[in-house]
Amino acid sequence: MSHIQPTLALTEDLIRRRSVTPEDKGCQDVLIERLTAAGFECETVISGPDHFRVTNLWAVKRGRAGTDGKLLVFAGHTDVVPTGPVEQWHSDPFEPTHRDGKLYARGAADMKTSIAGFVVASEEFVAKHPDHAGSIGFLITSDEEGPAHDGTVKVCDLLRARGERLDYCVVGEPTSVSTLGDMVKNGRRGSLSGKLTVNGVQGHIAYPHLAKNPIHMAAPALAELAAAKWDDGNAYFPPTTWQMSNIHGGTGATNIIPGHVTIDFNFRFSTASTPDGLKARVHSILDAHGLDYTLDWTLGGEPFLTERGELSEALASAIQAECGVTTELSTTGGTSDGRFIAKICPQVIEFGPPNASIHKIDEHVEVAFIEPLKNVYRRVLETLIA
């Protein structure tokens with residue numbers, strides 16, 4: 001039996017479970033069985049309304065120092081995005097299939113391989129270091145790809161209420177680009193969305209003097225918002241960006257000036273800006289143009305940043321040893337559950353396989369990356385809590 005098989009076997013077991021958000025489909029039961037056998041105490045946390053029940057897992061194995069020792073947590077999600085048109089896949093998206101050295105399936109890269117890797121890494125670590133000093137934790141949810149209202153954030157709230165102290169967290173998101181380990185995420189930008197409605201007066205398009213066209217009135221303000229410089233970024237983050245995603249106005253008829261226009265927009269912002277500061281600037285610009293408007297805000301997540309420290313150095317060293325790659329710290333990409341964990345954990349780093357195929361038809365992971373991924377995770381455990 002080759003050394004790669006335990007991680008690969010667990011990955012394939014998880015993949016076969018059709019755990020589209022918010023369904024877990026027994027994935028966490030598999031993890032609980034494995035982790036319990038390795039000495040973990042496991043707790044299931046069910047959350048969400050009846051029509052959107054979310055399954056969460058908190059598992060911990062205390063080291064000899066008990067709660068006084070360092071606690072390293074792996075965070076991940078068992079849920080996957082929908083497959084899209086199944087007929088466009090070259091194989092069943094929920095039947096792990098090997099072609100050309102790759103494992104094809106929904107969740108192969110995002111992120112069932114990472115989960116399997118850290119479980120097997122923990123099993124190997126515990127077997128080799130039965131008297132380990134620090135503690136190991138798992139925070140797993142089935143609501144990361146969806147609204148994320150009843151997943152990781154709920155467990156973080158529970159841990160905060162209990163006074164649980166997390167020292168390090170590795171999030172298994174697929175962060176690599178061209179090869180395993182070439183990039184890890186030591187932070188993420190925040191996301192702030194707005195729904196702006198500018199009011200005018202509806203009328204016949206042939207009589208504009210009897211109407212007020214909200215599209216025309218909004219256009220100069222939107223141009224100013226699009227051209228604005230929000231901040232300069234910093235050493236870790238690029239400058240904040242503002243983008244419109246949708247504009248809708250009118251009834252569909254071509255002879256009516258609309259009574260209002262609605263614009264959806266989004267900020268991706270760095271630690272150089274704050275939500276309140278960005279909101280204030282938007283309102284200032286809109287007010288300066290004399291618009292009659294309403295604006296509803298949704299904060300998708302605050303930015304977070306882990307500066308170079310013990311966790312990033314442990315990961316970089318492990319990646320160099322196992323992959324022969326010098327990793328790059330990056331804050332690019334979308335939001336992740338790291339934004340919730342960063343509120344209760346001072347060092348949060350994301351690391352997983354290449355992400356080029358995630359959420360796509362024929363999602364896959366290189367089979368040759370699976371064992372090194374597990375080994376990197378094990379080395380991090382050995383460095384920080386052995």
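If you go along the chain as it appears here, the first residue is 1 and each next one adds 1.
For all residues, glycine too, the Cβ spot is worked out from N, Cα and C.
Straight from Swiss-Prot, the features:
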ACT_SITE  Asp79  active site
ACT_SITE  Glu144  active site, proton acceptor
BINDING   His77, Asp110, Glu173  Zn(2+) 1 binding site
BINDING   Asp110, Glu145, His359  Zn(2+) 2 binding site
Subset of recorded positions (Asp79, Asp110, Glu173) lying within 10 A of His359 (Zn(2+) 2 binding site), CA to CA, in sequence order: Asp110
Which of Asp79, Asp110, Glu144, Glu145, Glu173, all recorded positions, has a Cβ with the fewest other Cβ atoms inside 10 Å: Glu145
Lowest local Cβ density among His77, His359, which the record lists as binding-site residues, within 10 Å: His359
Additional residues surrounding Zn(2+) 2, by Cβ distance to the Asp110, Glu145, His359 centre under 8 Å: Val80, Val81, Gly107, Met111, Ile358
Of Glu144, Glu145, Glu173, i.e. the recorded positions, those within 10 Å of Asp79 (active site) when Cα atoms are compared: Glu144, Glu145
Any further residue of that chain within 8 Å (Cβ to the Cβ centroid of His77, Asp110, Glu173) of the recorded Zn(2+) 1 site: Gly76, Met111, Ser114, Glu144, Glu145, Val171, Gly172, Pro174, Ser336, Gly352, Ile358
Whole-number Å value for how far the residue listed as 'active site, proton acceptor' lies from Asp110 (Zn(2+) 1 binding site) (Cα to Cα): 11
Length of the line joining the Cα atoms of Glu173 (Zn(2+) 1 binding site) and Glu144 (active site, proton acceptor), in Å: 11
